[in-house]
Amino acid sequence: MFSLPCRNIRRKLPPKQYLTFVRCYEIPKHLVKVATDPDPSFYRMVEYFYHSAVKVCEPALVEYLKKHTHFSDKKRTNRVAGILKVMGSCNSSLQFEFPLQRKSGEYEIIHGYRSQHSVHRLPCKGGIRFSDEVDLGEVKALAALMTYKCACSNIPFGGAKGGVAIDPKKYTVAELQRITRRYTLELAKKNYIGAGIDVPAPDVNTSGREMSWIVDTYIKTLGYKDLNAAACVTGKPIHGGGIRGRVEATGRGVFMTISTFIHEPKYMQMINLEPGFKGKTAIIQGFGNVGSYAAMYLEQHGVKIIGVLEYDCNLANSDGIKAKELHNYKMNNKGSAKGFTGAREVGPEIIFEKCDILIVAAKEKTITVDVAKKLNCKIIGEGANGPTLPAADVILREKKILVLPDLLANAGGVTVSYFEFLKNLNHVSFGKLSIKFWRDSNTALLDSVEKSLKEANVEAKVVPTELFQTMMSGASEKHIVNSGLEYSMTNACLNVMRAAKEYNLGLDLRTAAYITAIEKIFVTYDEQGLAI
Ligand SMILES: NC(=O)C1=CN([C@@H]2O[C@H](COP(=O)(O)OP(=O)(O)OC[C@H]3O[C@@H](n4cnc5c(N)ncnc54)[C@H](O)[C@@H]3O)[C@@H](O)[C@H]2O)C=CC1
Ligand SMILES: O=C(O)CCC(=O)C(=O)O
């Protein structure tokens, strides 16, 4: 699972040789303006980041193809260019409309979307969001990010994303259920959902509840004969085939990414920050699924949450906002943080307050040039997809702010979705078959130690320690998910650090993460071919 194609690519070259090549790759003309555009389209932004990374790593890709000794130079450069074109384009998109009869009796037309950016690995994977800002461009951008995110973290999926253009706050639960079921039927009819095809998951304004409706609709219709139908969607509630740890996974992954970098003296030196979490402060933009769990894990490790920005109010408390309390308050207050007594309400300028860590976990394009100029943090953890504009990204680097990019930092969700997918295909929970065996064998081990001592005339009761008690039964599903997530996130961070070092990218971890993904996908296309 965790092969390192990047190193395969770079190993073909004498050390650092690829840095000295003449860089001839040109960013496509329609993207050049994106570098300075104060409001580029989201899809163009992702394309721009992709091509900026290609510009850096293309010479190494050409060199890598020298392994095909029978290729002429022209054939080699054509193949590289071909693979890069395929990798940078969106495979297919679906756009549809359907009627909804509202509770009032009136009819409304609902707009649904799903884009499959890459199908080099199947199924393709990515969440579904409900938001009145959803359109085809947004969904394509998010699908592209899924392609690079999965590859960067070695998750063997293609990239996809979907959405419904509604503000869910304006609909009843029954209406939302009808919308979700009809959306699923449209995907099913058009072959855009299925365990081997395309597997959605939660994203903005969707959760286990919507995933339950999706799996139920699929199983009762197109998937009724499919043994693996439950794997048509992830992020399901536990009783509906979900996995422990998926709800927290994205926030947990954001935390783990920050943890990996904040304990890395070399990076901390670059931004002039003391390594470790001790004494650190954080501000959270978007206290939803991703932001709230990231905040809770930071708090558990000693970080003080001094500010929270939400869609309807902003909060500050220099003594620390209790993340769990705010999370519970919001859940019981129709999703609003307004009225929370553990902090005072302030203006949106709280985002510019001095802090060590800023988590952006609301939506795309929140870090504009103006915002970047005024930020006063040291590390940004991109929980959201696409929060930073390219022009703002440059400013952040100039200000020596370490940006942990979306495709790396928020990959925890899709990673645990992958575990859920495997659980569904296996038709058994992780740990279930071995748990009794491990408990029995560890009990037998303690008994035999006690017996041996007795035979040596040492009278002692061998009692397991508290820690051993918790581990005696071997790994539970929760243990496996959390350790698997940690392993995967840490590996991805190390691979990105390695790319940053080998391509001399300094604080530009976004380019390093894209390169990590590009090199991985490149090898897949080279090995399996890209055209029939
Ligand atoms: N849920 C998941 O597993 C994953 C989500 N993401 C990304 O993380 C971001 C957040 O997603 P979720 O937490 O799932 O959504 P969510 O709907 O649970 O939370 C989003 C939060 O942001 C708040 N918000 C909206 N507009 C805001 C604004 N202008 N300023 C401040 N707060 C605002 C909302 O009120 C809400 O509390 C999105 O970009 C999503 O694509 C990325 C990877 C996985
Ligand atoms: O869990 C998944 O499959 C996808 C999560 C997602 O939509 C994302 O990472 O942006």
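A Cβ is built for glycine as well, from the same backbone N, Cα and C atoms used for every other residue.
Listed features, source TrEMBL:
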type: BINDING; residues: Lys125, Lys149, Ser417; note: substrate binding site
type: ACT_SITE; residues: Lys161; note: active site, proton donor
type: SITE; residues: Asp203; note: site 'Important for catalysis'
type: BINDING; residues: Thr250, Asn289; note: NAD(+) binding site
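Distribution of TrEMBL features across the structure.
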residue	record	Cβ contacts under 8 Å, 6 or more apart
Lys125	substrate binding site	Met146, Cys150, Ile155, Phe157, Gly158, Gly159, Ala160, Asp198, Val199, Ala201, Thr234, Val414, Ser417, Tyr418
Lys149	substrate binding site	Ile155, Gly159, Asp406, Leu407, Leu408, Asn410, Ala411, Val414, Ala517
Lys161	active site, proton donor	Arg114, Ser115, His117, Gly126, Gly127, Ile128, Arg129, Val139, Lys140, Leu142, Ala143, Leu145, Met146, Asp203
Thr250	NAD(+) binding site	Asn289, Val290, Tyr293, Ala294, Gly383, Asn410, Gly412, Gly413
### Query
Which three-state DSSP class does Lys149 (substrate binding site) fall into?
helix
### Task
Report the binding-site residues (Lys125, Lys149, Thr250, Ser417) that meet this criterion: Cβ distance to the nearest atom of ligand 1 under 6 Å. Use sequence order and write none if nothing qualifies.
Thr250
### Task
Determine, for the substrate site, the additional residues of the same chain whose CB lies within 8 Å of the mean position of the CB atoms of Lys125, Lys149, Ser417; present them in sequence order.
Gly126, Gly127, Met146, Cys150, Ile155, Phe157, Gly159, Ala201, Ala411, Gly413, Val414, Thr415, Tyr418
### Annotated substrate contacts Lys125, Lys149, Ser417, maximal Cα-Cα distance (Å, integer)
13
### Query
ligand 2: which of the recorded positions Lys125, Asp203, Thr250, Asn289, Ser417 have a Cβ closer than 6 angstroms to it?
Lys125, Asp203, Ser417
## Note on the structure
Out of the binding-site residues Asn289, Ser417, the residue with the smallest number of other Cβ atoms within 10 Å is Asn289
## Note on the structure
Simplified DSSP label at Asp203 (site 'Important for catalysis') comes out coil
### Summary
Neighbouring CB atoms within 10 angstroms of the CB of Asp203 (site 'Important for catalysis'), all protein chains considered, total 25
